[in-house]
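Novice: Got a structure for you, written out below as structure tokens; questions coming shortly.
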Amino acid sequence: MKPILYMAPIMGVTGCIYRNTYSQFFNGYDIAVMPFINNTSKKKSLLSDVLPERNKANFELVPQILHKNPKDFIILAKNLYEMGYKTVNWNLGCPLPMIRKKKKGSGLLPYSDEIVNFLKEVIAELPNQISLKVRLGSEEKSDLANLLPMLNDFPLKEIIIHPRTGKQLYTGEVDLTAFEESLSLTNHTIVYSGDIDSLEKYKILSARFPIVNRWMLGRGGITNPFLPEQIKNIESANKDANLKRFISFHQALLYGYQKELSGQAHLIGKMKEVWRYWVKAFEGGDRLFLDISRTNNVKKYLDTIEQFFREKPSARY
Ligand SMILES: Cc1cc2nc3c(=O)[nH]c(=O)nc-3n(C[C@H](O)[C@H](O)[C@H](O)COP(=O)(O)O)c2cc1C
């Protein structure tokens, strides 16, 4: 069975312009979960990332909501439904200390009764289907193990699991034993998310978890934008052609941001966020990142990039 691939929400990177541009140059993703939104307003400026008229990607899009107050969640989910979004994702995974402290994101995971009450109230009102994105817990990985059996009777679309605790942020290893245990505790469709950064890693995980057919790629899918095609075995070209395709993607992304952002520093700052991941695919990438970090105008930025590509850097793809 062909795997179903998800573009992970990575706040600051996988926004609308990235998704649109990516899908002009690459194939392989079936779905993208969008970085979370956290307001109840209908104001277009606050919903710009999810506005249907701005979103041109050729994969399904699922907006994500961070609210833990059912009323706010329902208002936003209904707005999104009117925009055409038949599924919304509830963020129970955000590990940021500020968010966790407010009992939001992964900070809500220890409070399984609150989660159950929330779902009862919200599901009764929602026209949309709801999926969850969770971690193993806030501080303890037992949070999810306690919660999962309580979710079995809810009509959830699916549960995306990133097998770390919130306290871990993005450090340490993913806990595959705890993930395996999670599979045995749920009757919902499970999507795996965490550290898939190569075809080999994907093969190891898919061999270990044959009942999982949905895989979310985050940082690894940004670093290597060819990864979804590699996983799906979509024809692979030679390294020269791949580098050319990557360069065209870079130019189109830069142009996309240029049209939206005002000020050179803002534009370069945005490109830096993506380069933080991209450089990991290149030999000499660290040096390039340093050079880009010292850049404060577009001319110098373009010179730096052109010089780097002129030397035909060796890439992982
Ligand atoms: C900078 C950054 C921003 C993220 N933003 C979100 C977000 O908005 N919503 C969410 O559910 N997960 C978010 N994540 C988590 C990812 O979606 C993903 O689950 C996690 O990075 C593990 O997958 P990976 O190892 O493939 O990156 C973010 C991760 C990073 C590193």
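Each residue, glycine too, has its Cβ placed from N, Cα and C.
Got these off TrEMBL a minute ago, pasting:
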type	residues	note
ACT_SITE	CYS94	active site, proton donor
BINDING	GLN64, LYS133, HIS162, GLY218, ARG219	FMN binding site
DOMAIN	7-285	domain 'DUS-like FMN-binding'
Novice: Which ones in the same chain are close to HIS162 (FMN binding site), with CB under 8 Å and 6+ residues apart in sequence?
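Specialist: Listed in sequence order, they are GLY93, LYS133, VAL134, ARG135, VAL174, SER193, GLY194.
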Novice: To the nearest whole angstrom, what is the C-alpha distance linking GLY218 (FMN binding site) and CYS94 (active site, proton donor)?
Specialist: 14
Novice: Between the Cα atoms of the residue listed as 'active site, proton donor' and GLN64 (FMN binding site), find the distance and write it as a whole number of Å.
Specialist: 11
Novice: Find, among the binding-site residues listed as LYS133, ARG219, the one whose Cβ has the highest number of other Cβ atoms within 10 Å in the structure shown.
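Specialist: Most Cβ neighbours within 10 Å: LYS133.
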Novice: Can you give the mean pLDDT for the domain 'DUS-like FMN-binding' (7-285), rounded to a whole number?
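Specialist: Overall, the domain 'DUS-like FMN-binding' (7-285) comes to a mean pLDDT of 96.
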Novice: I want to verify one value. Collapsing DSSP to three states, which class is HIS162 (FMN binding site)?
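Specialist: Where HIS162 (FMN binding site) sits, the three-state DSSP reduction gives strand.
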Novice: Below 8 Å Cβ to Cβ and six or more residues apart, same chain only. Which residues does that give for GLN64 (FMN binding site)?
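Specialist: Non-local contacts for GLN64 (FMN binding site): PRO9, VAL33, MET34, PRO35, PHE36, ILE37, VAL88, ASN89, TRP90, ASN91, LYS133.
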